[in-house]
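First up is the structure itself, then whatever we jot down about it.
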Amino acid sequence: MLDFATSANVKLEADNTQLRAKTTDVDAQVKDLETKYTAASTSLRHVEAELQACRTAKDEAVALVAEKSELVRVVSAEVHEHIRQASVEKELRVHTDAQMRELRVEQLATNAQMEAVKAEMKHMSERHADKLGAATAALEAMEAQLQADAAAHAAAVDKLREVTVSLESELHTWRLKEADNTMVEMTALVDAKREADVLKLRLKELNHHGTQSLHEKDARIAALEAKLKDGEVQRRKMHNTIQELRGNVRVFARTRPFLPSDGTGAVSALACDGDLQCVTLKRDKETHAFTFDRVFAPVSGQDAVFEEVSEFVQSAIDGYQVCLFSYGQTGSGKTHTVRRPCMQGSGNGHMRGIIPRSIEKIMAEVTKSEAQGWRYVMHASFLEIYNETVRDLLADKADKKLVLKMDPKNGQNAVMVQDLTLVTIDSLHQVEGLMEKAARVRSVACTDMNAQSSRSHSVFSLHLRGVNDAQGTVLEGKLNLVDLAGSERLSRSGATGSRLKETQAINKSLSCLTDVFAAIGNKSPHVNLSPTVESAHESLCSLRFAQHVNQCELGKPKRQLKKKSDEDAVKTRVDMTADEERLVKSRKRCAVNQRKYRAKLQIIDNQRRMNMDELSRVNQRLEGHIAASIDRRGLWCHAEEQSILEYLRLFERGYTQSERQDSFLRYFVAPDVCFNGLIGVEGVKSYWTTRSSRLTFLHVKYVRLTPVAHTSEGTMVEMHCVIEVALASPTVAAMFPHVVRRPDLVDKLLSAPLHIPLHATYVFDDNKQVSWQSCVPNLVQALYTTFGNLNDVVAATSSSAAIHPDVKGQSDSQPA
């Protein structure tokens, strides 16, 4: 029994010893876990510091980007999102800390449990030794759980580090993207600005050429218009001179064709020779030959007749008094020749008479003359002489009586009809209406010779008044178209009663016409003939009357030309220098050229306006693009600044001393600086060679770039820097003679380089090529100032302490 108790005690002590050893191991593991936890906390603090640094960098980036750029604001939003994720990670870390605290609490609880276990084990060792294995297993399980929790915590820390690295990588990527976008926008902006400059130059050239061309075209048009006006004046003169040469009074004879009323077996008593302008009449075995200015055979139409008399219509437009008589026996076609009112388009427009054709020609000429500054007003009157009584065919009251009076304004022997109705003419259709109105009230009757015989003489007068304000000229022309009543024999007409009285009045007036013919100026009788044998006697009388009229001479016609200033009539003498054909062609050619030039001027003006509109739109787009780009770009891109800085420091990268010096001088020496007769860099090098060849550039100590403007040549950048210049003994002796006697000062100058601040402005184009703009002060001025100050200080003081602090102050100063 004693042996059993002894062995049990030994076994219990061994078990206790083993338990204490395990407990010691657990304590050691707990301490190790605490150490790891402390390390993890330290790592977390480092991570938090890094996150804080990232947050600070992010805030600075957000403040920098949000101030100037829409694009950077987007990046800032994404950074905020990443920060939010970091906050989530921070919350995760806080959660991990809470878990760690829970683990500590669990550890304390475990320790308490271990104490309880110890007590229980002690108690159990006494009572239940078999439960020791279960407690040991539970302890091992708790240790495994603790290790798993520690591994999970380490994994969470690693994941947090990976997230931090990812955030930093994304931030760097966004910065690179921002730099690329800025460069693309800058390139597009420079291209657009260059295109705008090209467009401006092109527009300027177009405006210059267009203005010069416009002036030339205006001058040429003015010259052409002057020539056109002169040509028109010459045409008028020559046309009427030709009419004078051809005769003031001309007689045309026209034979009408046979009518159904003449019978089917009618024989012509007249023979017309159009080549000889001769009419031969056979009567009672007698032959009578008559020669006229123009003879129209029966086959001649209205067009041929008007072609001859149209020259007189043109004379009326030119300001002359023109009168056309239509004379012949009843039924010979007088009214048909003069007044046939057939409009074009009605199917028989070729049958129109002289009156509608004359109005049509006048309307066309008036329209053409408007381009030359002429304004025409036309008035028409229509009267008839019936039984020695004058009647107004256009008056509203048919019984209106008219009185003949002398008109001293138009000449000594001029006669006027008082209170005659004058109607303003605006169109050919209006003239047709007037002729229809006159036809309804004119005196006609049926005789044995004509079913619609005119029993009166009718006079259609067209008054023309043309005004040219530019020339100060007034033209007053008049066209009288007289349709005489038909002459007839009483034996053939069978007139009785009132018809007899009418016939006597008609014949009497016609017989008196020859006596008064000399009192009428510018009249051209037109004789109409009947071809029948029965009308041979009347035709013979008509031909003799026409021959008598053809022998009349009325003197030189007078053109009604007035000056607009006083409207006084003046006489003009005309000299024919060229034929009318050439002037007409010249006039047409000038009109065509004028239209061409005006069309070209219109095209040039339209093109100029289109260019101005396009330039305005381009400028608006550029201004908007520049404003948007500046807003997005903000401050100068970091990548661009590094690129320019790298370019400015190229003299530090393997170049020789001479190459570095020349490269640097190109940036800081004004092109117009002159030394020893040389300009720019060569002049400065010559100056240094003369003064001292020992001046050496070391490097640029400080550089800061700031963009200030964007031009068509590139980006204008201000650069602030401090350069270091080293001096050698000969240089010190040459520049500072007072220092030679002070070896300590010489050592100071040779041991420490001079620090010279500079401020310059450059333009960098797309290829990073630099063009000098300004350098205030430039390198030479800076050297003068620095060396001069040092020389003054050396001369004024005997202590080196007064010199070196000044130099040191320059070296430490960095321009704001």
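One is the number of the first residue shown, and numbering goes on along the chain from there.
Backbone N, Cα and C define each Cβ position, glycine as well.
Summarising the annotation, TrEMBL assigns coiled coil to 2-50 (among others).
TrEMBL lists 189-234 (among others) with the feature coiled coil.
Look at TrEMBL and you will find 248-527 tagged as domain 'Kinesin motor'.
Residue environment of Lys334 (ATP binding site) contains 27 other Cβ atoms, counted within 10 Å of its Cβ in all protein chains. Per TrEMBL, ATP binding site is recorded for Gly328, Gln329, Thr330, Gly331, Ser332, Gly333, Lys334, Thr335.
Each of the binding-site residues Gly328, Gly333 was ranked by the number of other C-beta atoms within 10 Å, and first place falls to Gly328. Each of the binding-site residues Gln329, Thr330, Ser332, Thr335 was ranked by the number of other C-beta atoms within 10 Å, and first place falls to Ser332.
Take the CB of Gly331 (ATP binding site) and look out to 10 A: across all protein chains shown you find 27 other CB atoms.
Averaged over the domain 'Kinesin motor' (248-527), the predicted model reaches a pLDDT of 75. Under the three-state DSSP scheme, Gly333 (ATP binding site) falls in the coil class.
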